[in-house]
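Trainee: Marked as transmembrane segment by TrEMBL: 6-26, 38-59, 90-120.
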Amino acid sequence: MKLKIPPAIVTGIFVGLMWSIDYFFNEVGFLGLPWHNIIAEIILAIGVLFGVLSLYQFYRNTTSVDPQNLDKAANLVTGGVYKVSRNPMYVAFLLLLVAYSLVLQNILSLFCVPLFIGYLNKYQIKPEEKALLEKFGDEYREYLQEVRRWL
């Protein structure tokens, strides 16, 4: 499976899009939430935790984290945080975007979140699932039925 844009870069593009929306439409989409930075920090901390735990599971299972070369995946990772989500790294990126929208306090930037989910579902996750089904067969099929895609 060869992707054109790695998920971390896609996340960066969405951060840039959110910043642009805030820059050009700051007064239109102002949230004005009290304690927004504290809430954003908590969400970001949860996202970082998801990301670190997911990377740890890959390290622990001695397999590749490279989403562009799934043929390098030596083992199917289903333990730890992967019991909660099939895509905890992408959940981490998603939480980063939600936290950033709270820091910006711009409600219009929140519209980027469902666009991000839709993009990843179509161009990253579904092709990944197809490749993993081919590689791991029934083991992955069973995992698909037991664990949700996001949360």
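Keep in mind that glycine also has a Cβ here, set from the backbone N, Cα and C atoms.
Remember, it's a predicted structure, so these values are computed and weren't measured experimentally.
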Trainee: Does the transmembrane segment (38-59) make contact with the transmembrane segment (6-26) through 3 or more Cβ pairs under 8 Å, each pair 6 or more apart in sequence?
Mentor: no
Trainee: Report, as numbers and ranges, which residues of the same chain sit near the transmembrane segment (90-120): CB under 8 Å and 6 or more residues beyond its ends.
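Mentor: Tertiary neighbours of the transmembrane segment (90-120) are 7-8, 10-11, 14-15, 17-19, 21-22, 25-26, 28-33, 36-37, 39-41, 43-44, 46-48, 50-51, 54, 150-151.
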